[in-house]
Amino acid sequence: MTEAWRPDGDDPRAASGPVRVRVPAKINLRLGVGPLRADGYHELNTVYHAISIHDELTARRGDTLSLTMEGEGTGELALDDSNLVIRAARALAAYAGRPAHARLHLRKQIPLAGGLAGGSADAAATLVACDTLWGTGLARDELAAIAATLGSDVPFLIHGGTALGTGRGEAVSPVLARPTSWHWVVAIADGGISTPEAYRELDRLRDRGTAPEPIGSTDGLLAALRQRDPAVLAAALGNDLQAAALSLRPALADTLKAGEAAGALAGIVSGSGPTCVFLTRDAADAERIAGELAAAGVCRQARTAHGPVAGARIA
Ligand code: C5P
């Protein structure tokens, strides 16, 4: 890159004040996991859905790159170069041929290693925030291409809404559904499950012949989304990684049972777990079921959420 870099203050497109970006958590309405590929990833056939539990990333001008945080995972999550926020800022700066100078602050509500793609969400938020802070002005598709280098779920969290994910999950195309809000209860567990560990466990169960049949195509789920009837959608939810999460964490079976006993239409493990999500009839139903789950002591926290919501956006 031979072009001279101009400091932020000289770039007419750079933001003058702090840039705050809100980014949602994701669940998978259906997560079909294919065989292990040569590159160490599994081929996916999934429907992503962004829900109203948000992290918030604020980017300010700085002379170096720094990250602070508050909320979920504070004191546990490393704030060094291994953090996806730092990696995202560096990836965007490298693409734009400029130094990665920013003071970043993360307010987390999405639990760590929860199967809700919290780390990927923070990477997506960082790309959108730094793009505005630095005035790099990339198109959403360019941001999504950088996002794919950071993690399989990151492109979806730039887009948000409800979307089909293929490849290793990074190839995202929006699902055009009639505007409907779905109401969820999100049961957050103590501790996390590492995503690679969940995939390895599924491979192990499949090798031993003890995994359930793969759930296969997303066609039924896509048809169910068009019907706007939560009972129909509930019947179409599915997750191949659920067996792996239950094998690693058998107590999750009690969480799923408790949600269904409380009147949820269906419950599934979210992504690689251990968070469980329950589809409910409406917002009032979700509130009641969240209260019952909290009282049953089968999770660390039970929250309500609705979806779909937008991806990483300036607040
Ligand atoms: O893409 P990401 O970095 O989020 O993936 C984390 C890990 O999850 C991968 O290293 C891999 O072990 C597993 N994974 C997978 N197949 C996918 C996505 C993730 O095996 N499609």
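Yeah, the Cβs are placed from backbone N, Cα and C, and that goes for glycine too.
What TrEMBL records for this protein:
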type: ACT_SITE; residues: Lys26; note: active site
type: DOMAIN; residues: 83-161; note: domain 'GHMP kinase N-terminal'
type: BINDING; residues: Pro111, Leu112, Ala113, Gly114, Gly115, Leu116, Ala117, Gly118, Gly119, Ser120, Ala121; note: ATP binding site
type: ACT_SITE; residues: Asp153; note: active site
type: DOMAIN; residues: 221-297; note: domain 'GHMP kinase C-terminal'
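Features recorded in TrEMBL, as mapped to the structure shown.
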residue	record	contacts (Cβ under 8 Å, 6+ apart)
Lys26	active site	Tyr48, His49, Ala50, Ile51, Leu116, Ala117, Ser120, Ala121, Asp153, Phe156, Leu157, Gly271
Pro111	ATP binding site	Glu72, Gly73, Gly118, Ile188, Gly192, Thr275
Ala113	ATP binding site	Gly191, Gly192, Ile193, Ser194, Thr195
Gly115	ATP binding site	Ile193, Thr195, Ala245, Val269, Ser270, Gly271, Ser272, Gly273, Pro274, Thr275
Gly119	ATP binding site	Leu84, Leu112, Gly151
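If you draw a 10 Å sphere around the CB of Ala117 (ATP binding site), it holds 30 other CB atoms from the protein chains shown. Asp153 (active site) is surrounded by 28 other CB atoms, counting those within 10 A of its CB over all protein chains shown. Helix, strand and coil content of the domain 'GHMP kinase N-terminal' (83-161), in residues and according to DSSP, is 47 helix, 8 strand, 24 coil. Lys26 (active site) falls within a strand when secondary structure is assigned with DSSP. Listed in sequence order, the residues Ala25, Ile110, Gly192 complete the 8 Å Cβ shell around the ATP site centroid, once Pro111, Leu112, Ala113, Gly114, Gly115, Leu116, Ala117, Gly118, Gly119, Ser120, Ala121 themselves are left out.
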